[in-house]
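Inspection log for the structure reproduced underneath, given as structure tokens.
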Amino acid sequence: MGAVPGVVLLLMLAVLGIRAAPAPEECHKLTKPVTKADVQSVSGDWVLVWSVANTTERWICENLTSSYVEFKLHSDIIEYTERNLFLGNSCISFYSNLSASTEKQQQFSLNNLQMEEKGVVRPFNDNGTVKFFETCVDCLSMEYSGDIGRFLLIYRRDGVHQNVEVLKAAQDESQKLAECLGFSIDEPFIYDGVSDFCHKKSPEECHKLTKPVTKADVQSVSGDWVLVWSIDENSTISDDWKKLKTSYVEQRVDSGVIRFTERNMLKNNSCMTFKTNMTAGPESQNTFIYTSGKMEENGVVTVLDENGTVKFFETCADCLSMEYSGFFGHFLLIYRRDGVHQNVEVLKAAQDESQKLAECLGFSIDEPFIYDGVSDFCHKKSSPEVKPEQD
């Protein structure tokens, strides 16, 4: 029998539903790794839209309805949180830190991996490494390798994960990457575009609350602000934060730079002041970042050479909603403009909205800070003193 012409062979493969393996040059393009030097690109909140696994632990893949991942950069560490929702609305979460030793390193090691199920946290013993691959701005491709097997995980940034047609169109590219990495394509997980997550509702409900303030509109955050409600997690200053009495923030915007001053008064009337300058981060992330700051306590100034990321959310004219991730932990901070911060009934009525925003952002609501409406600040009183009338 003579050789089958190439075009006939391709037609036969198409009829049989068989795909030709990706060419080496195509694999080279798809598998370009993200190094430590460029790891800022993985920061953010991500929704798993496609995955395939070669693993003995099938329970991790079976009955999965959604998986939501948060990557927070803290200096040389990537804080990793993965929340998996299964059929029946049961949740399993994983927590770890990722690290790489050199700027050119392409693999990140998992440290202190923990698993949480039904409120019980326990160590999850798996010596794993992670590799990220270059992809589109709102996409994340990640390969996990550990004792339990290998996983290829394809994500879309939270907020751009619901267009089912776009996700379907991208599946062919995901499958090519899997084949390039040597995965067996059997029954991939495919997100349906609508399922909720463990810690929050899908963005139909949260979209209104989490609209970010962009660089173009940053002037709206300028002013003097009083903290009226806040929640934190993974805080390195949790003891001090529990003793917080008031927090007063001054923000001034000049040529795209936010000059930030925070004055915190503790319950023993001692004060801590933090100052830094923030600039806009990557356009697609709508964040503002700083790389250093100064902390003053009892007249002693300490220079902090640490990274922090801030995101502001659209809200009312005299309101400020701010999410902070960095050296001090992860905080949601709700402010009222100085002068409209004292109406306790109004503040109480707004607490439900603050809690909804916290849940949308993945915070556990435990013991929030709530301003009492009257306590003074480090540098001034909460209310101007009323002078007695002259006879």
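Cβ atoms here come from the backbone N, Cα and C positions, even for glycine.
Just so it is clear, the model here is predicted, and its values are computed rather than measured.
Looking up Asn54, Asn127 in Swiss-Prot shows the N-linked glycosylation site annotation sitting on Asn54. Put simply, of the glycosylation sites Asn54, Asn268, Asn277, Asn307, the one whose Cα is nearest the Cα of Asn97 (N-linked glycosylation site) is Asn307.
Note on the glycosylation sites Asn54, Asn63, Asn268, Asn307: the fewest other CB atoms within 10 A surround the CB of Asn268. Considering only the glycosylation sites Asn63, Asn268, Asn277, Asn307 (N-linked glycosylation site) has Asn277 as its nearest partner by CA-CA distance.
Looking only at Cα atoms, Asn268 (N-linked glycosylation site) sits nearest to Asn277 among the glycosylation sites Asn54, Asn63, Asn277. Separating the Cα atoms of Asn277 (N-linked glycosylation site) and Asn63 (N-linked glycosylation site) is a whole-number distance of 46 Å.
Rounded to a whole number, the C-alpha distance linking Asn63 (N-linked glycosylation site) with Asn54 (N-linked glycosylation site) is 16 angstrom. Annotation note: Asn97 (N-linked glycosylation site) sits in a strand segment as assigned by DSSP.
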